[in-house]
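Novice: Quick one: the structure is below, questions incoming.
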């Protein structure tokens, strides 16, 4: 199989395909880490000393809580430093690929796109994703696009039948005119010059979009939309299978590269719709199960040595992206333990200040550079080009699947629509096929976590595989972002559950990862796995100093004391370095402020509730369900998002804790001002007032939503009342303890 991925040099000295260099700030990072570590140890000494000499139960309890919180902060800080020890920057030269490898020798690749709900993930969006990669500047006969529809929806199948027709016009249009935005929606929303040809293509696209939208609105595909016996047969097959609760797989070849041509007579990529077979007796493992079904089905039909995994709301933005991947996969100097190339998740439609931190610059860009200097970046669910071989055991030990046709080096020598190929594809597309096999444990995407992307990439690295981060000037992909606060928090809550499933498993990065990949790589993965633990110090500092201030208990050093400067250095040092990294990564001060604010918001909402959900499940008290993040767009909500206005609108327990924190901090800060006006010494109050004031500034959108807004996105009255009552209960409990 490796022979299919390596090129033959056409000259004695091959031109460079990629370069790598360390970031200049590495030395500064290491020196600052050493200084900051000494400051943390000094703070822990201060806490221990204060704890020993505590004379009251209140003082002892408060100091113990702060000590525990700061220990968690120290643990997370140590993990974060792993990204700062040896970050690197890579550059690719896709223009040199064809100097090293003939175009006819390019490896084939399969594209996996998963969708699960036609109403939360509108089919026209999924169609745009598929069309954008089908139009890559790559030999079409070497490309296959597989659509996994876990919702088993005739609406999605219909959308792709229409997309297959439109693609015969769209692909040649893009290539003849050298279009870069190869998602129709993106192109027609841009300032692309209008020509008679582009207007004709736009009319065809709008016609297709209207058909799909009308069918989605009605909830069914009417006979007036079925234009051929082929389509009628497909829908009959769909309806016969999905009228039963236990249904077999549905596989529909919509485009066959060996037969179907575009309007210019050139081959089309394979386009294959799959709805895997499900049954109540067999677990389906959510997206990881869908991806493994795609691995098996694609293995039986095309078995390309290269695989692109793409979320249904991510569209290609650069038709030369596969050539950037070949800069690594076809470089003879790349070691055989190279598994995948990871592109960052980048998003369109983010408002100017990025109020919900949808950019995730630290997760998807800054930390990736640090990962890349170790063994390579983690997989982030989309935009990952994999060697198929990497899903079948370690680089040195191939784990053979149950049947030889699914092996990564098996060569498919029959047409994809032959009876034997389709028969095997249907067989391996069923969930119950995995029973008593290695799928999900040793082969394919790994089961056991809701964040299958993170877990699979981590397990690959532990097996000895490596990866590279590719972040070109022109983004390879663009995705959509949640435009409501509850959507963003629900997504984070789901991630929190999945990450803790890994963090507290036998494959925990803090133990198994450190043992197999060394302390730096292991702790880098641990920084992500234990994200929800940020909830401990954030919640403590959101409530404890404020409740103490309300009860005139002063728990921090005075401004005139030397220990105050330790706190000041720790706060300013952490925030200053974080801001510097954000700006150097191309961010703005405004977006950095939103980033740190949303980190606090997550800490007292999604991290808390995600941790509770995980531990309840761990204790067997309750179970959770997987929910798809909605990609549907509401016009009013979108308008408020564009204006930078927070969207509440619905009642949620997460909004209760958020509002409760906002209320307590506002009252606490006000109480501090009253004490200062009464002549109380500001020196003793300063740190607690600063923490409360900092929280009040961050909570301004919440105060607006409670008292200053009348739109549909304001804070529900029920949420405000519940938060107020709970805040009162917290104050009463704290007052009772402080007596």
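Heads up, the Cβ atoms here are built off N, Cα and C, so glycines get one too.
These came from TrEMBL, pasted as-is:
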TRANSMEM  27-46  transmembrane segment
TRANSMEM  52-78  transmembrane segment
BINDING   120, 121, 150  UDP-alpha-D-glucose binding site
ACT_SITE  150  active site
BINDING   287, 311  Mn(2+) binding site
ACT_SITE  453  active site
TRANSMEM  523-544  transmembrane segment
TRANSMEM  564-586  transmembrane segment
TRANSMEM  607-628  transmembrane segment
TRANSMEM  648-670  transmembrane segment
TRANSMEM  682-703  transmembrane segment
TRANSMEM  715-738  transmembrane segment
Novice: Where, among 52-78, 682-703, 715-738, do we find the most CB pairs under 8 A to the transmembrane segment (523-544)?
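Specialist: Stretch with maximum Cβ contacts: 52-78.
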Novice: Enumerate same-chain residues with a sequence separation of six or more from residue 311 (Mn(2+) binding site) and a Cβ-Cβ distance below 8 A; give 'none' if the list is empty.
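Specialist: Once residues fewer than 6 apart are set aside, residue 311 (Mn(2+) binding site) is near 113, 114, 129, 381, 382, 479.
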Novice: Can you tell me which of 564-586, 648-670, 682-703, 715-738 gets the most C-beta pairs within less than 8 Å of the transmembrane segment (52-78)?
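Specialist: The stretch with the most contacts is 715-738.
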Novice: Which entry in the list of binding-site residues, 121, 150, has its Cβ near the fewest other Cβ atoms, using 10 Å as the limit?
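Specialist: Per-residue Cβ counts within 10 Å for the binding-site residues 121, 150 bottom out at 150.
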Novice: Roughly how many Å lie between the Cα atoms of residue 121 (UDP-alpha-D-glucose binding site) and residue 453 (active site), rounded to a whole value?
Specialist: 19
Novice: Measure from the Cβ of residue 120 (UDP-alpha-D-glucose binding site) and count the other Cβ atoms within 10 Å, all protein chains considered.
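Specialist: Excluding its own Cβ, residue 120 (UDP-alpha-D-glucose binding site) sees 15 Cβ atoms within 10 Å.
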Novice: Let me know how many other Cβ atoms fall within 10 Å of the Cβ of residue 287 (Mn(2+) binding site).
Specialist: 22
Novice: Quick test of the contact rule: Cβ under 8 Å, at least six residues beyond the ends. What residues does that give for the transmembrane segment (648-670)?
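Specialist: For the transmembrane segment (648-670), the sequence-distant neighbours (Cβ-Cβ under 8 Å, at least 6 residues beyond its ends) are 484-486, 489, 493, 542-543, 545-547, 549-550, 601, 604-606, 608-609, 637, 688-689, 692-693, 695-696, 699, 702-703, 705-706, 712-716, 718-720, 722-724, 726-727, 730-731.
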Novice: For residue 453 (active site), which residues in the same chain are close in space, meaning a Cβ under 8 Å from its Cβ, but six or more apart along the sequence?
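Specialist: Listed in sequence order: 309, 378, 379, 380, 381, 382, 384.
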